[in-house]
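These notes are about the structure you will find just below.
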Amino acid sequence: MESRIWCLVVCVNLCIVCLGAAVSSSSTRGTSATHSHHSSHTTSAAHSRSGSVSQRVTSSQTVSHGVNETIYNTTLKYGDVVGVNTTKYPYRVCSMAQGTDLIRFERNIVCTSMKPINEDLDEGIMVVYKRNIVAHTFKVRVYQKVLTFRRSYAYIHTTYLLGSNTEYVAPPMWEIHHINSHSQCYSSYSRVIAGTVFVAYHRDSYENKTMQLMPDDYSNTHSTRYVTVKDQWHSRGSTWLYRETCNLNCMVTITTARSKYPYHFFATSTGDVVDISPFYNGTNRNASYFGENADKFFIFPNYTIVSDFGRPNSALETHRLVAFLERADSVISWDIQDEKNVTCQLTFWEASERTIRSEAEDSYHFSSAKMTATFLSKKQEVNMSDSALDCVRDEAINKLQQIFNTSYNQTYEKYGNVSVFETTGGLVVFWQGIKQKSLVELERLANRSSLNLTHNRTKRSTDGNNATHLSNMESVHNLVYAQLQFTYDTLRGYINRALAQIAEAWCVDQRRTLEVFKELSKINPSAILSAIYNKPIAARFMGDVLGLASCVTINQTSVKVLRDMNVKESPGRCYSRPVVIFNFANSSYVQYGQLGEDNEILLGNHRTEECQLPSLKIFIAGNSAYEYVDYLFKRMIDLSSISTVDSMIALDIDPLENTDFRVLELYSQKELRSSNVFDLEEIMREFNSYKQRVKYVEDKVVDPLPPYLKGLDDLMSGLGAAGKAVGVAIGAVGGAVASVVEGVATFLKNPFGAFTIILVAIAVVIIIYLIYTRQRRLCMQPLQNLFPYLVSADGTTVTSGNTKDTSLQAPPSYEESVYNSGRKGPGPPSSDASTAAPPYTNEQAYQMLLALVRLDAEQRAQQNGTDSLDGQTGTQDKGQKPNLLDRLRHRKNGYRHLKDSDEEENV
């Protein structure tokens, strides 16, 4: 059964092959006799392909076929053909009878000049104003009284100056008015301390009188001082007495004060700092700062002050508004003025008569070659009616007019009105546009002829959102950023002009290249037009124009490239390009052609040449290439392995865009101020605050003078000159006592003095202890202490008998002592009268006392003589007596006096 099935399959295949061969032979009749048998001469060269061909390759073998199998509808075998590559262009037939679209090459190409960036450039005049950082300067009057107290001590011929004390006090307001109207000051000053009025008089005159002000010898450019006393007075006191005198000097100083924006305080050249705005008038606290004590601040309208304090009977001047600030050490006065009349936030910096304003996307660039700087500003103008511009508006307009009259009046006209812009660095630019008269006339003619443009250029609107107010930002102190911006804009202009020239030259080169394409298209129009449009195009000349048509796309899977390029019926002849077979779409009829460039199929196979041996030909198809050696296919190679001739000059240029340089601050103004160890403003303010605190402390100080001394002083002063002299004497004694007590107290406070006192106290305690022990010993042993010669060195009592025997005897016992001589037995003592001692009479007692006195005198004289004799012979007997070391060594066993040689002989 299975054998029958296989037989049927084989028969069917044979029938199909025979039928296909019959159809093929009938369809190729009359076309070419060589088409039916030239493939029999093809070689069976090995089919090789480069491993690097990774692009899409379409082969006719959609299924696995044997090398000897015949291709459908042909007499060729699969081993006689090579696969194809359709990577870049598909296989197509571009031969046509007539084009459907007509084109021509441009002959009159015009290369216009390139404008790098669409910039609106205006020419004009620029006046630049900077922020005024100079402090506001004005005159200030300072009123003071200087009390100088000097103390001296008068010796017999010399007076010693012990020191001086200077105190600055503020005159009362009633005296200030007298000084301002008469240039005179009173010679006294009174102060209330703890409810008591203290009065100081000039030169201790005890009378209050006026003193005329006069110019001081010391003056400078910013301060003028008027005083009542130039020399300090002091008088010598009485001999051996102290003297303290008072010198009172009135001082009026006209100095300079400075205040910077926003004028919250001002500082004088004398070092005083006032936390009040110099423009505060009592009603404008919202606009002007006030930080002092309101009770000590006074404002007087239409106030009169002498024109010269140093000249008597000087003329009076009326001041509109004068402020007075009363302090503990001075009274400060100044004239109150309107801020807008005496200050200005802006000051003139520079003018540029030739300025170019370029308009960027969000900003204006004002470039001046004279200043070598470019300033950036927003497109919004500053309102011309801004109050901050009131002080410079007229000046700026006049400067612009002067520059225009000097440089442009003959050839230029003003173009628009004056505009104001604020730069990124805080500068203010007044801008006046100008334009040549000839251009203005042309614009006027164009405006008259145009129905839509019937008006000239007018001033930009400064209302609404187009205008802004001047900000309060501070000007930068370094304008390097403006010079950097100018450098960048200059380089940008040069580079953009160079790029414009390059672009224009590129256009000229493209025009010439187009002429070359035109001439080359006469040779192969389809190839030239396909290269230009980057797609397959069929082109043919129709006179002076080109007819274009789309190429006919064929069945890509049916394309086969033959391996052999030899012509069978013509020995020695070879095809100049490989032969291919293909089918049109929706047709199974096999067509023959030759492989053209870029996968184009050339109809027919008549393109032959004489065979040249040896030969090497490579035909490109997509990203691969067919290599034929001696007109036989050898292999497919990767197209990337073959170097290319690159004649393309790439040109990728972009114009430089606008860049607005920002003002960068590495450290802010606050950080720079904080980096300093000393801040003069803060120091002066702190010092001023410290001085203000002193006046509050003075009210709480209690007079340390005792009430009784004050009463005594009043009592002595009431007794006249004699009482005053007695009071001076008492004061001197009291001062001496107070000085001694103060010295003792100071000595005790000293660590060395306290230590000395401790040592003295210890010594006193030791002395008291020694005295106490002596008195105790005297009470216990009166005879031994009062009559030391009665006791020998060994502790025995010396009697009037034989001292040689008794000195060596032991002392008698207590029972055998003389105190018990009346006792006869061991029993208790008897009270018998016979044992009692006989009474002594007064005469006997008196004689006994005299005998004791004589005995004491003799014994003492004898002892003194013995001591002197021992001193003379001490050097001879020094070695026999114990020294200090022996005494210390045997101090525990006691010490007995050793007898010398004289005593031994006597024994």
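Placement of Cβ uses the backbone N, Cα and C atoms for every residue, glycine included.
Taken from Swiss-Prot, the feature compositional bias 'Polar residues' covers 798-810 (among others).
The annotation compositional bias 'Polar residues' is assigned in Swiss-Prot to 860-877 (among others).
For Cys94 (disulfide bond), the count of additional Cβ atoms within 10 Å of its Cβ stands at 22 [all protein chains shown]. Positions annotated as disulfide bond by Swiss-Prot: Cys94-Cys551 (among others).
Residues or ranges marked as disulfide bond by Swiss-Prot on the basis of sequence analysis: Cys111-Cys507 (among others). Under the DSSP three-state reduction, Cys111 (disulfide bond) is assigned to coil, being neither helix nor strand.
Taken from Swiss-Prot, the feature disulfide bond covers Cys185-Cys250 (among others). The Cβ of Cys250 (disulfide bond) has 25 neighbouring Cβ atoms from other residues within 10 Å, across all protein chains displayed.
All protein chains shown were included, and the count of other CB atoms within 10 Å of the CB of Cys344 (disulfide bond) stands at 18. Among the features that Swiss-Prot reports, disulfide bond is placed at Cys344-Cys391 (among others), with the record citing sequence analysis.
Here Swiss-Prot flags Cys574-Cys611 (among others) as disulfide bond. Annotation for Cys574 (disulfide bond): same-chain Cβ neighbours under 8 Å, separated by at least 6 residues, are Met565, Asn566, Val567, Thr608, Glu609, Glu610, Cys611, Tyr631. Cys574 (disulfide bond) falls within a strand segment according to DSSP.
Residues annotated as region 'Hydrophobic membrane proximal region' in Swiss-Prot: 697-749 (among others).
Residues or ranges marked as region 'Hydrophobic membrane proximal region' by Swiss-Prot: 708-748 (among others).
According to Swiss-Prot, the topological domain 'Intravirion' annotation covers 773-907, on the basis of sequence analysis.
Cα to Cα, Cys185 (disulfide bond) and Cys344 (disulfide bond) are separated by 39 Å.
Here Cys391 (disulfide bond) comes close to Lys340, Thr343, Cys344, Gln345, Leu346: these same-chain residues lie at least six apart in sequence, with C-beta atoms under 8 angstroms from its C-beta.
Of Cys111, Cys250, Cys507, all annotated as disulfide-bonded residues, the residue with the shortest Cα distance to Cys94 (disulfide bond) is Cys507. The DSSP secondary structure for Cys344 (disulfide bond) is coil. The two recorded residues, Cys551 (disulfide bond) and Cys507 (disulfide bond), show a Cα separation of 32 Å. Calculated from their C-alpha atoms, the gap between Cys111 (disulfide bond) and Cys250 (disulfide bond) amounts to 92 Å. Taking the disulfide-bonded residues Cys507, Cys551 in turn and counting surrounding C-beta atoms within 10 angstroms, the largest count is reached at Cys551. In the three-state DSSP assignment, the secondary structure recorded for Cys391 (disulfide bond) is coil. Mapped onto three states, the DSSP output places Cys507 (disulfide bond) in helix. When pLDDT is averaged over the topological domain 'Intravirion' (773-907), the result is 60.
For the recorded site, Cys250 (disulfide bond), the DSSP three-state label reads strand.
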